Amino acid sequence: MGSQTVRHELVTKHAQNVSKVRITVIYCFRALCCKGPPPARPEYDLVCIGLTGSGKTSLLSKLCSESPDSVVSTTGFSIKAVPFQNAILNVKELGGADNIRKYWSRYYQGSQGVIFVLDSASSEDDLETARNELHSALQHPQLCTLPFLILANHQDKPAARSVQEASFALRCHVVVPCNALCSLEAVGTILLKIDVLSCKFHATEYLLIWTHSLSSVFHFIS
């Protein structure tokens, strides 16, 4: 009788252990296999324009952490998905050559914001052309209600224009001086403000962000 009791206790304990193991396996399975995918990051469509040589391709490649050696000037258009922590920016870059700019408007549809890249060290003729193209974009029916982000590139060149000179040349009504250093992620935060924060600038107002060539350091609003 005693041996049967011990045997019964062993069987009961074994059954309890098996039950605990099953429960543990189920919890592990749920944790590993049944966990839902992370929420998808919202995506926003931007168009990037500017004259040839302004640095559009190199700037976007830098934001995508691509090798500088792989940069090839855009002759038609290209699309880059610029990933950030909270969103993905699908940036459509349009070539800036004379024979390409007349077709820019064909690619404006669906844009939620505009990035205009300026070569701050360009010649007076190119600067005038850039200003005309910028104002033409600002007045376009598909862009006139969208926020514009103007990047004045090539600030490391000796001929780079100051904030006052660039704002006067572009006839900017609002120029935000930039005097703080930030990382690429901070630049991403600024870019995300184009739509994520639903900030809408009037068609005659501009946000001027200065970039130090194509280094990993950018100037932005302090």
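Here the Cβ of each residue, glycine as well, is placed from N, Cα and C on the backbone.
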Listed in TrEMBL for the GTP site shared with Gly50, Leu51, Thr52, Gly53, Ser54, Gly55, Lys56, Thr57, Asn153, His154, Gln155, Asp156, one of Gly96, Gly113: Gly96
Integer Cα-Cα distance in angstrom, Thr57 (Mg(2+) binding site) to Gly50 (GTP binding site): 10
Binding-site residues compared (Thr52, Ser54) - highest count of Cβ atoms within 10 Å: Ser54
Around the Cβ of Gly96 (GTP binding site), the count of other Cβ atoms that are within 10 Å: 25
